[in-house]
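Trainee: I am attaching a structure below and will ask some questions about it afterwards.
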Amino acid sequence: MTEKLHDPDILADAADWRARDLAVLWHPCTQMREHQGALPLLPVARGEGAWLVGPDGRRTLDAVSSWWTNLFGHAEPRIAGAIARQAHTLEQVILAGCSHLPAVELAERLLALAPRQRDRDPLAKVFYADNGSAGVEVALKMAFQWFRNRGDEPRRTKFVALENGYHGETIGALSVGDIPLYRRVYAPLLMEALFAPSPDAYLAREGQDAAGHAEDAADALARLFDEHPGEICALVLEPLVQCAGGMRMYDPVYLRRARELCDVHGAFLIADEIAVGFGRTGTLFACEQAPADARLGGSAGVQPDLLCLSKGLTGGFLPLAAVLSTQAIYDGFLDDSRERAFLHSHSYTGNPLACAAALATLGIFDSDDVLARNRATAARMAELSAPLAAHPHVADVRQRGMIVAFEMAQNGDRRTPFAAARRTGLRAYLHALERGVLLRPLGDVLYWMPPYCVGEDELALLADVTATAIGAATA
Ligand SMILES: *Cc1c(COP(=O)(O)O)cnc(C)c1O
């Protein structure tokens, strides 16, 4: 391998790589103009643990887990092996009318692991889609059609989502998202959703704690439900962390309140755990962290009616989404009429390779005590990030499990962000890339969301580079 990397042909290729790329590729979520200027493209020839390796052998730490997908490192051999074995057995088959074991086994395993509330019927059925956005579309359409099929509440057609939330880029998913940069231009195409104030602790009033702010946001959600009696079919939210919205975090008490409000008002709760699922926030699913209701003496955790999973589901190897639903929702589509069926499909629904990757990923959770290791890693991340809270241009350092975020602001307070034109986040990105760390910020928020296999030396490098990147970007 090393020998091959120093092959002069490959080095020549690397020099040529960017030009070839820019001649033919249109990159996601990118102003392509920037790649003609200051923003370099990072050529990646292979991955190794938490590292990306360029054609010239140059190593870059993948501090954002390749858009939050990777869990156990790049080219993880157990997952790679499972995909290879599956590829030699059954690569794909139509899932309408046919069945294959990887899809069945994965559904069984996901349902067994899903968040559960003792006083509710458990999540009982799995519908597959190809990516996170498609999974959100599935959940929205299921919630809407369930009421349509029942026919007795014709006005129940609206969705409630949270301000600053993100659920994907397709038109339906974008409609329940509230990030102006992604949404504004398409606004005329979007369906109308209702937005409730975010429980985001960063927005707490002076002197108010995260739980107090979450309670206030829940009160506002209650008023929104009251203003639209019998009109709301579902509430969709990202449990605990609004990731694309700048890794904004909120108190788990909000999940408890949201669950109760949905029940009181007869609406479904859709939990979008596409980014936070699979151990990212400290528990296997973020919904598990909702506190018990002291008055009802219940147990901790909330169970959604629809749970959307993707990203880490395959360990970061292949696109796949799973939407878990209750038996009651599933039963609402059983009928003599085909029109009452859920006629949604994707060509690759339940792709066997992706299911095999997901099964191997869940196998690693079984064999490696991932959550315990993550707890230790998260504690180390807390120690290493703490000193940055004192930086004069850092307004907030926040953490939930394996996610740490640094909010850069002009005066180090919550009221004076840097002017957008200053491109503070981009400056930090360029600095970090120069030093061998891929820290792709969200606006002026830098964050750590490393693969779970990240080690002590890598975390130390990450902390060091983050400190100098913040220094360089805010100077
Ligand atoms: C990434 C993400 C999505 C969309 O998933 P894609 O696979 O990128 O379409 C939806 N919801 C949340 C919370 C996400 O972070």
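Glycine too: its Cβ is placed from the backbone N, Cα and C atoms.
Per TrEMBL, the features are:
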type	residues	note
BINDING	Trp67, Tyr166, Lys311, Ser345, Arg440	substrate binding site
BINDING	Gly132, Ser133, Asp272, His346, Ser347	pyridoxal 5'-phosphate binding site
MOD_RES	Lys311	N6-(pyridoxal phosphate)lysine
Trainee: Anything from the binding-site residues Ser345, His346, Arg440 with its Cβ under 6 A from ligand 1? List those in sequence order.
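Mentor: Among the binding-site residues listed, not one has its Cβ under 6 Å from ligand 1.
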Trainee: Taking DSSP three-state, what's Ser347 (pyridoxal 5'-phosphate binding site) in: helix, strand or coil?
Mentor: coil
Trainee: Go through Ser345, Ser347, the listed binding-site residues, and name the one with the sparsest Cβ surroundings, counting other Cβ atoms within 10 Å.
Mentor: Ser347
Trainee: Can you grab the distance from Asp272 (pyridoxal 5'-phosphate binding site) over to Trp67 (substrate binding site)? Cα atoms, rounded to a whole Å.
Mentor: 16
Trainee: I'm trying to understand the geometry here, so how far is the Cα atom of Ser133 (pyridoxal 5'-phosphate binding site) from the Cα atom of Tyr166 (substrate binding site), in Å to the nearest whole number?
Mentor: 10
Trainee: Which residues in the same chain, at least 6 apart in sequence, have a Cβ under 8 Å from the Cβ of Arg440 (substrate binding site)?
Mentor: Val64, Tyr429
Trainee: Out of Lys311, His346, which of the binding-site residues is least crowded by other Cβ atoms within 10 Å?
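Mentor: Least crowded of the binding-site residues Lys311, His346, by Cβ count within 10 Å, is His346.
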Trainee: Where Lys311 (substrate binding site) and His346 (pyridoxal 5'-phosphate binding site) are concerned, what is their Cα separation in Å, rounded?
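Mentor: Answer for this pair: 17 Å between alpha carbons.
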